[in-house]
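Below is one structure, written out as structure tokens; the observations come after it.
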């Protein structure tokens, strides 16, 4: 999906058990770098703030990048790898909509971390991605949470490893993908709230205009005008407060103003509507469940020193 937001089109069809080895998860803890790189979080926070000041796309793009990384080979920064032969995750057709601003957020933060002599080449790109995702949320008005750290970077990245759902997925299809990562339907709906940030390009929702009865007619008319006026570069925001992390996404779904079919189905399908209604009226509950789901996602496919490395350059294995 060509989105600046979270874009939960990220799930590889694998079992959570295969991705989440208990010893790897056990190594994660919030203060993993306290004696290795004590200023890590301050450095990343400042770097993300600078990136966001340069482009409003930075926060949603970095957040989305984290999801696309974790759900393919696990949270190992394999999405960042650039292979000389062109066979890497980010060049899979389904990842071509990832925005360069998201990658740049990570590269900037990595450079800032490595500029500290105490930290140089000691912090993984995977952990920087996790921290940058948190900062993108917090600095957009969302909840603060402790990020578990201690991931190692993967060494592999291939086009074939990327399996992504599509913007027209049904609730059953969404549940099938996310259950493969170990998420319940409610957790999937909480994660989907990340679409409160960012935008999507016209090709990923234009097919719904005039054909999907769950779309508000006035909203459909606005989208039609936008996409007709800008056939190659048209886009629309995923919710009506696209740079603020809040629960507006769910209220938009109640009003038939979900941009993507795979978002609107969360309300149009009665099996998931109750959760949407709950988050639409209780932002605190959404924030709490989103944080729990983000923490759980961050544990997927974690690499250890035996199975990974700490890359000097996030784009290339050592």
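Each Cβ is built from the backbone N, Cα and C atoms, and glycine gets one as well.
Here's what TrEMBL has on this protein:
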| type | residues | note |
| --- | --- | --- |
| SIGNAL | 1-26 | signal peptide |
| DOMAIN | 27-318 | domain 'Plant heme peroxidase family profile' |
| DISULFID | 37-119 | disulfide bond |
| BINDING | 69, 72, 74, 76, 78, 89 | Ca(2+) 1 binding site |
| DISULFID | 70-75 | disulfide bond |
| DISULFID | 125-314 | disulfide bond |
| BINDING | 165 | substrate binding site |
| BINDING | 196, 239, 246 | Ca(2+) 2 binding site |
| DISULFID | 202-227 | disulfide bond |
Residue 314 (disulfide bond) to residue 78 (Ca(2+) 1 binding site) - Cα separation in whole Å:
9
Taking the recorded Ca(2+) 2 site as 196, 239, 246, identify the other residues of that chain whose CB atom sits within 8 Å of the mean position of the site's CB atoms, giving them in sequence order.
193, 195, 197, 238, 240, 241, 242, 244, 245, 247, 248, 249, 252
Cβ-based neighbourhood (8 Å from the centroid) of the Ca(2+) 1 site, residues 69, 72, 74, 76, 78, 89 excluded:
68, 70, 71, 73, 75, 77, 79, 154, 157, 161, 301
37, 75, 119, 227, 314: which of these disulfide-bonded residues has the highest Cβ count within 10 Å of its own Cβ?
75
Going by Cα-Cα distance, which of the recorded positions (37, 165, 227) sits nearest to residue 74 (Ca(2+) 1 binding site)?
165
How big is the Cα-to-Cα gap, in Å, between residue 69 (Ca(2+) 1 binding site) and residue 119 (disulfide bond)?
23
Please report the number of other Cβ atoms within 10 Å of the Cβ of residue 70 (disulfide bond).
31
Taking each of the binding-site residues 74, 165 in turn and counting other Cβ atoms within 10 Å of its Cβ, which one has the fewest?
165
